[in-house]
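Listed features, source Swiss-Prot:
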| type | residues | note |
| --- | --- | --- |
| BINDING | 390, 392, 413, 416 | Zn(2+) binding site |
| COMPBIAS | 88-103 | compositional bias 'Polar residues' |
| COMPBIAS | 753-764 | compositional bias 'Polar residues' |
| DOMAIN | 18-52 | domain 'SAP' |
| REGION | 88-114 | region 'Disordered' |
| REGION | 617-650 | region 'Disordered' |
| REGION | 753-775 | region 'Disordered' |
| ZN_FING | 122-179 | zinc finger |
| ZN_FING | 357-440 | zinc finger |
């Protein structure tokens, strides 16, 4: 026989609560019971009551609950009771009629399992009133659903103003604040719930009157036995509501505490001194002063501010336990976010910044030096920790930081000095990878260089095992890349066509050097070549020309193949990589071969025609130039022992190079060519001497009409190799022993070149290093002056210095 609902107090209590439920709460109960949630409100109530009345079989049509899914009445009653408590905001917030039904039956409230305060309430305010009103604020704690009255917990700095206080961007309740203030204590129980301490009143003399706060709390046997363990303590704490540092303890001015009549020291600072931003107060431990049963605490203070006081049973944590609360490296922050922060800090702005922005920050250095030492201990960082809200990239040693805060309780960033809590600490994924790699180095290695792109290297010597090289942000070795294009100078084989000289046009030679699409210099090839010319000697990248010298000149001592002389000659050979200095000459006809030196891609070239240049020893204005002495301009190959200084010894490598010499004009081609019996007397060089080891930076070959309009006031590219006496009566040339083998090239220089050349035109006849430099010439040769010829077969082997050389000398057959 079913029990009448009037005789079942549990059913009557649940029915009373169900009548106050909304549809939302009814559906929540049905959802937990696994029952259908469709229907009107009364239908939902009937489904729940049917489960409580033990009539599931008769009412299966109504509730649709199978027998195998039946639940007990105690379970249903607990679900209904919990839902009712959440709806009203507190488990104790039940109206007075809750304990008495409409029929007059008394319902005994359910006793709590212990004396601890219930923390899983929705409304809990220090004022003691647990009903919600129109102005509520919710705690941001992840496991806290507490709501509090705004007027009780948000205190205005100027209470006299009628303007309501501004809500903070982040709000934490008093319990969450005290938990984060010192993570080395974990709250177990609250014998005294947080209670508000009102400000003191102002006395007649303007001072604040001393006020007292008394609170009696029970201590159960279970809690008393818990406090007998070493890791548990009873602590009294106090916080300021509108504290600028939310996660810390702070006591009022002139605070004194008595526990069961025993006075206890509260703070170590002066009673009249307020706590600064960097200061921290501690909570006195009451374990030695309490007893099982009732205990009384009395607080006296004299302060105009509003505080909150409470008593808790807390358990101590070790350093390892606190470190375990810090998220792992992969859980704290994404590596890309850490890299973006480093790039922003090192680069001086975001990636969106450009040259048109108004930012005053400019990157001056290629890299920034970063110290890997902890700012608190001075030792090298082992685990790079940081506070997540910080915008800087500075880090600290995580283990050392946590260990130091066990006493100081100052969870403050040592770089920017902003206050946070343990919940904000993460492991920096960027710097933690670097510190892990640096652990194998000595203690003196503590700095790295960081580029704006995030790549890094350790500053130190070669003992760093590769860490001194640049690494990518993820720690991998960075491959060396050089974006700057280096000139790739190569010797390009060229075939030059020799055309027969005539009185009308003369013979022209074209050597085209231009820059290709890849930015490299190259020599244009010609298909119609004649390889039966004088030869070059090529040793890898070294190419020089051999001057025409016969046996007779060798006997007379004109040719000097001494080893010291050859070493000096090979060191003074220069290449042909030059650019034009004077581009005001008209382009020459393109039907014949000319010499071209240009860094332009245009096809218009400047030419120098033998017929257009005055080959006479005397110029139009009477100036004369000495010819180039017939001696070896450079030796870059090894000459066999016992070989005489014959010209054929310099022509062995000609077929490989395929670069013919300049063909000299005959005496019939240029009427101005004169021959004398003077033996290569070198005097009055009209040159501007440069150091023989300097490269030639500007070369231009230009030609004019046959009338030779190049005067002294024009800027010529080549210096002449002929000279005359000061009065212009006697001309001098260099005779090489062959009646018809002459090479004379007269090129007019500028007036400045003439002046400078005459100042430096003292006779240079030093036999040890007889050299002559031609400033701005196409062919810069190192010529040894005439000296004594050593006997044949006594020539020593010479070491060849490899250089990028392209030297062209003219000689005759």
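Every residue gets a Cβ built from N, Cα and C, even glycine.
Bear in mind that the values here come from a model prediction, so they are computed numbers and not experimental data.
Counted within 10 Å of its Cβ, the other Cβ atoms near residue 392 (Zn(2+) binding site) come to 13, all protein chains included. The sparsest Cβ neighbourhood within 10 Å, among the listed binding-site residues (390, 416), is found at 416. Helix, strand and coil content of the zinc finger (122-179), in residues and according to DSSP, is 10 helix, 7 strand, 41 coil. Secondary structure by DSSP for the domain 'SAP' (18-52): 26 helix, 0 strand, 9 coil. The average per-residue pLDDT of the prediction over the domain 'SAP' (18-52) is 81, rounded to a whole number. Each residue in 386, 387, 391, 394, 415, 417, 418 lies on the same chain as 390, 392, 413, 416 and has a C-beta within 8 Å of the C-beta centroid of that Zn(2+) site, without being one of the site residues. All protein chains shown were included, and the count of other CB atoms within 10 Å of the CB of residue 413 (Zn(2+) binding site) stands at 20. With DSSP classes pooled into helix, strand and coil, the tally for the zinc finger (357-440) is 24 helix, 17 strand, 43 coil.
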